[in-house]
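What TrEMBL says about this one:
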{"type": "DOMAIN", "residues": "B:25-478", "note": "domain 'Amidase'"}
{"type": "ACT_SITE", "residues": "B:Lys84", "note": "active site, charge relay system"}
{"type": "REGION", "residues": "B:137-159", "note": "region 'Disordered'"}
{"type": "ACT_SITE", "residues": "B:Ser159", "note": "active site, charge relay system"}
{"type": "ACT_SITE", "residues": "B:Ser183", "note": "active site, acyl-ester intermediate"}
Amino acid sequence: MSAAPVKLMSFEKVLENFDPAMGLEVHVELNSNTKMFCACPTEFGAEPNTQVCPVCLGLPGAMPVVNVKGVESAIRIGLALNCEIAEWCRFARKNYFYPDMPKNFQTSQYDEPIAFEGFMDVSIEGADGQPEIFRVEIERAHMEEDTGKSLHVGGATGRIQGADHSLVDYNRAGIPLIEIVTKPIIGAGERAPEIARAFVGQLRDLIVALGVSDARMDQGSIRADVNLSLAPKGETKLGTRSETKNVNSLRSVERAVRYEMQRHGAILTAGGSILQETRHWHEDTGVTTSGREKSDADDYRYFPEPDLVPVAPSREWVEELRATLPENPTVKRNRLQIEWGFSDMEMRDTIGAGAFGLVEQTVAEGCAPQAARKWWLGELARRSNEDGVEISELGITPADVAKIQSLVEAKTINDKLARKVIEGMLAGEGTPEEVIEKRGLAVVSDEGALSAAVDKAIEANPGVADKIRDGKVAAAGALIGAVMKEMGGQADAGRVRELIIEKLS
Amino acid sequence: MNNWITKTADELAQALAAGEVTSVELVQAHLDRIAAVDGNADAGLHAFLHVDAEGALAQAKASDERRAAGTPASYLDGVPIAVKDVLATQGVPTTCASKMLEGWIPPYDATVVAKIKAAGLPIIGKTNMDEFAMGSSTEHSAYGPTRNPWDQTRIPGGSGGGSAVAVAAYEAPLALGTDTGGSIRQPAAVTGSVGVKPTYGGISRYGLVAMANSLDQVGPVSRTVLDSALLHELVGGHDPLDSTSLTDEPTGFVEAAREGAKGDLTGLKVGVITELQGDGYQPGVMARFTESLELLKAAGAEIVEVSCPNFTHALAAYYLIMPCEVSSNLAKFDAMRYGLRVTPAGDPSAEDVMRASRAAGFGDEVKRRIIIGTYALSSGYYDAYYGQAQKVRTLIQADFAAAFEQADVLVSPTAPTTAFKLGEKLDDPVAMYLNDLATIPANLAGVPGISLPNGLADEDGLPSGFQIQAPAHSDARLYKVGAALEALLEKGWGAPLLSQAPEIEEVRA
Ligand SMILES: [Zn+2]
């Protein structure tokens, strides 16, 4: 199935003529040890259909029982998003057919979500380079279960087209999900793509801070659906929306919003109309393609799930959970900026690079804040750009960075060698110590060898040596360079300098 | 006829304890009876869809070993039981009397099944029923109808006709049934047996293949009130696998039955429900009902007339709520993972396979209810149908609450008529639905009810049933009043009503 190339309108042109409205739906897979309605384990990557029971297989007669941990996580997420927590709510059956959904209905929440009416203050970069807050209103956060997963076998692409049979893995069926739904985000204008990204990113930070999910976008434990519509400038009525499903990286969220704005703009300007449909995001090509058309046939025939008793969290419990909430990430940022002594720009760059949490953890591992920032925003950011992966998923942990910095401070290595250590670690050569050992990267601190190298440099550069003897200490740099060259960069530059001055004074 | 099979479960338990008989002998006696009278779809009672002789004898042997070692698992250890085919039995076929589940062998036990196994009751087989428990005559079984032992040209009631007949025809002393709108009580009434629908949630539903989850209730079927109480105590109570199951301890039922059997009901206020008599009630059924009231009065009870005005809407509300839940519950039968699969010729898509399988696998009554439910839940109709029906349900609950202010128990005939002829109402679903008129309100409100035999109608000599209902959580009251009436009735008859039933001709399948 190849889609005809879609004409896009330039982003600037879209903004001249239209106002975007955006709605984000984020699915968070909870890191609960058991499924939402049974006691099956939820381990990622297990052999297919090894984590199933009559309940999550939807066998005749089996009945669900609510996982209290799932309810607790939902409440904590709701509270962190400044939501009201329902005093009484129910699960509903969302009846529809889906090949990998064993009951042919999904147990979800419909008109009675556990959490509703909240907001999140999203921090973005303002026009003047100063941080600016954009408030995203939260419609609801509700509990539901995940579906199974189809595997199409026999085709070249792994898609259903061309496959000769399909297999279904129900390990994921019944894993607890929280769906967070925003109210329509309007008035964002050109900032819409950026706000979408910042919202999802900040939500992910929050989820991590709450400890309720692994929050791995690449493993699908956070997935975002992007609803987008355009209205002619000045018009208050929302336009027809498209729903781009399962966008699975922050960068893609931003790109998908931008792409859909440009696609809608082109269609509307050409006098066409937008189909209310679901669309698929293609990470590789950066485009969306049409999925299923939404129509009146999408009738989920919701009704309250009769097999589950209503969920009625006591106010005491809610308050207990509120008391366990981690510090609000925004408040925490302000606090840490002061503690770390970062300038506004340093702080903004850190957040912008997605390295805030990493710096925080690195500092917690005993590293000086500025050093932590330097590593994450310098060498590691460069590597993540080159490799096209999120900085958090490079494979280097905050503990690794703290270790590297401590080795620099102990003068075991210098900055240049540290970069080689990182290179070795990325190549899978092991811990910093192991890379140093394997590559022989340690700084030479053997006084005899250093002294000999300094003598050699002085001898080779008599002119420079004379200048230093005349008191022009700044000229030492040239000799240090020569020594470092001689020693393959593995010398302690400070000690070399001391030796030069000792010998020439 | 081997005289062990006519004994009550309580008598059998005593005989086992006294070493007068072994469980293996009891199971074999019942297996022989089944072989002699049960037959199949064409002839005989056809109460059973599957007889597990081997499994039952093995369980009986284990039971006898426990008895010999002096460690019986329960009072009823060794007493055989039959189980309605809507309850999952590990390793034993469970079909819900549907082609859709032909050959399905559950990998797990329903909680009630696990409980009776743990208590040592050998499971003799799975009983016939209306397909997926939908019907009031057991004629909607995909495997052929069950026949009424009083007159084999008549229906045995439904949907639990198989369980009622197994008990009434001495094929099993006890059975488990399920009651969504009267499926335990109505068959009990037309076969001369005792059937109890406990308070909603009183017995776990885990492993009960749901028809309508908010109405379904597992319950005992037996030949005496005391036997039902014994079974109820055994299988009742909270189940962590069914969050809707009550935390009430299942105790006091047997004690209440034994107390009631003394026949003293002094101080009891009995409410006669105005709306559940008169039009549509067979004169012979009403005559037996009136006599029973007189017996209660003689035992010291005070009879008052109470009105439950919204009961007239109960049938309509039930026939909306139930199919809505049915339409959702049966969606999982898609021929992909278990049960029937019909593959049409050519190069069928998954949808084609599903369509063909469902067309072949579901019977007319099931299809009718799926369609009604799907329609009633669809957008634009939800409020008009499902929403309104739920409001009626609330009103019926209020009617019960008000009536129980005036009376300790409420009584009515269980079914408006005695058993009708097989095939008579098959083409008129609404006429068939009317049979559950008196039993449906209890399911909508979640209150418990019992049906016990109170005589034979003059017109046709067929059994009629007397229904007693109590407030939720007051199941013990049913056993007390039921046992009292039973004792008074049997004093008049000189023996249990079932002893008046005709001899059943042997068919041997
Ligand atoms: Zn499971």
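Any Cβ shown, glycine's included, is placed from N, Cα and C.
Those TrEMBL annotations? Automatic predictions, nothing curated.
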Helix, strand and coil residues within the region 'Disordered' (B:137-159) as assigned by DSSP: 0 helix, 3 strand, 20 coil
Inter-residue Cα distance where the pair is B:Ser159 (active site, charge relay system) and B:Lys84 (active site, charge relay system), in Å: 10
List of residues, in chain order, with Cβ under 8 A from that of B:Ser159 (active site, charge relay system) and at least 6 apart: B:Met129, B:Asp130, B:Ala133, B:Met134, B:Gly135, B:Ser136, B:Thr138, B:His140, B:Thr178, B:Thr180, B:Ser183, B:Pro187
Protein Cβ atoms within 10 Å of B:Lys84 (active site, charge relay system), excluding its own: 33
Positions on the same chain near the region 'Disordered' (B:137-159), where near means CB under 8 A and six or more residues out: 40-42, 44-47, 49, 95, 97-99, 102, 127-131, 165, 168-169, 178, 180, 183, 186-192, 363-366, 415, 419-426, 432, 435, 460-463, 501-502, 504
Where B:Ser183 (active site, acyl-ester intermediate) sits in the secondary structure, as DSSP reduces it to three classes: coil
